[in-house]
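J.: Below is a structure I'd like to ask you about.
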Amino acid sequence: MKALVRVAVTGAAGQIGYSLLFRIAAGEMFGKDRPVILQMLELPDEKAQAALKGVMMELEDCAFPLLAGMVVTDNPDIAFKDADAALLVGSRPRGPGMERKDLLMENAKIFTAQGAALNKVARRDVKVLVVGNPANTNAYIAMKSAPDLNPKHFTAMLRLDHNRALSQLSTKLGKPVANIEKLIVWGNHSPTMYPDYRFATADGTPIIEAINDQAWNANSFIPTVSKRGAAIIEARGLSSAASAANAAIDHMRDWLLGSNGKWITMGVPSDGSYGIPEGMIFGFPVTTTNGEYSIVKDLPIDTFSKTYIDKTLAELEEERASITHLLR
């Protein structure tokens, strides 16, 4: 058996948390030879804590061989103590009549506190994935609130958008998703993100040779991927939970265990690539090895793509400007 890993999960009794925890305990995130301790955080109210206790009871009843221990708490300092990985799933959802800027403010308070707690008690090499929306800006806030930790280790989840785009291409081409490579989702995890298959291949053949149809790209593919979350809410009455948890597993597994040369999409702090301001958490194509990621460099950006990338960048800059005064 490999060394034990401590995983903190916030919003642990929520829908995504419930879909996520059992799969982590089964070894799907860190490997089937890595015991885990789940450190679960929920809100400090009676109902949330009772629900979290119920989740813990169910985890116990699964008798997972890899589950070496559990912590349930409403205190971030306890949840993040010595964490090797932190999945920040819990966030304030948008309520009726709530403006986007109000949502940003409410979440800024949450992620400032969580970033500070990580800075105080987590392992110095902790790897952080923000799932709670608005994920990119929440990740930026947490990163800025943890000055003693490696900023490169704060990431946002765009893997759900990536997987949604993969599925749409698979359906269009009649090819298995496993045979499609080099897909990218640029930008913000929001309806402005830009799924880009200009470099993608299916069975090694460029997809743009099979789908040479800019109208389908602009009028069907991009809108379907960008509005998929809303379509699921409309159909199900609830937001994506199992698919979001699955994407979180994919993101962390590939980051920690390596993508084997394949391109994946991660929201990571920009190093200035593609004209994206340094430090902004932005969806890029990356490859991963030995627990570190590298942005795929020097891809040509055509006029069509630049329009979309500029739009998602403008949204992120606006979000960042609205919360900068709250950061230290």
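Each residue, glycine too, has its Cβ placed from N, Cα and C.
Just lifted these from Swiss-Prot, have a look:
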- G11, A12, A13, G14, Q15, I16, G17, N107, Q114, V131, G132, N133: NAD(+) binding site (BINDING)
- R94, R100, N133, R164: substrate binding site (BINDING)
- H189: active site, proton acceptor (ACT_SITE)
J.: Going by C-alpha distance, which of the recorded positions G11, A13, Q15, H189 is nearest to R100 (substrate binding site)?
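T.: Closest recorded candidate to R100 (substrate binding site) by Cα: H189.
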J.: For G132 (NAD(+) binding site), what is the secondary structure state per DSSP, taken as helix, strand or coil?
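T.: Its secondary structure by DSSP: coil.
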J.: List the Cα distance (Å, whole number) between R164 (substrate binding site) and Q15 (NAD(+) binding site).
T.: 19
J.: Where does R94 (substrate binding site) sit in DSSP terms: helix, strand, or coil?
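T.: Going by the DSSP assignment, R94 (substrate binding site) belongs to neither helix nor strand, so it counts as coil.
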J.: Rounded to an integer, what is the Cα-Cα distance in Å between G11 (NAD(+) binding site) and R94 (substrate binding site)?
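T.: Distance between the two Cα atoms comes out at 15 Å.
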J.: Cα-Cα, whole number of Å: Q114 (NAD(+) binding site) versus N133 (substrate binding site)?
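T.: Cα-Cα distance, Q114 (NAD(+) binding site) to N133 (substrate binding site): 14 Å.
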J.: How many whole Å apart are the CA atoms of G132 (NAD(+) binding site) and R94 (substrate binding site)?
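T.: That separation, Cα to Cα, works out to 11 Å.
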J.: Which whole-number value in Å describes the distance between the Cα atoms of H189 (active site, proton acceptor) and N133 (substrate binding site)?
T.: 8
J.: What kind of secondary structure is R164 (substrate binding site) part of, going by DSSP in three states?
T.: helix
J.: Through the lens of DSSP with three states only, how would you label G11 (NAD(+) binding site)?
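T.: It is coil.
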J.: When neighbour density is defined as the number of other C-beta atoms within 10 angstroms of a residue's C-beta, which of the binding-site residues Q15, Q114, N133 has the lowest density?
T.: Q15
J.: Could you tell me the C-alpha distance between A13 (NAD(+) binding site) and N133 (substrate binding site) in angstrom, no decimals?
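T.: Answer for this pair: 17 Å between alpha carbons.
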J.: For Q15 (NAD(+) binding site) and N133 (substrate binding site), what Cα-Cα distance in Å is obtained after rounding to a whole number?
T.: 14
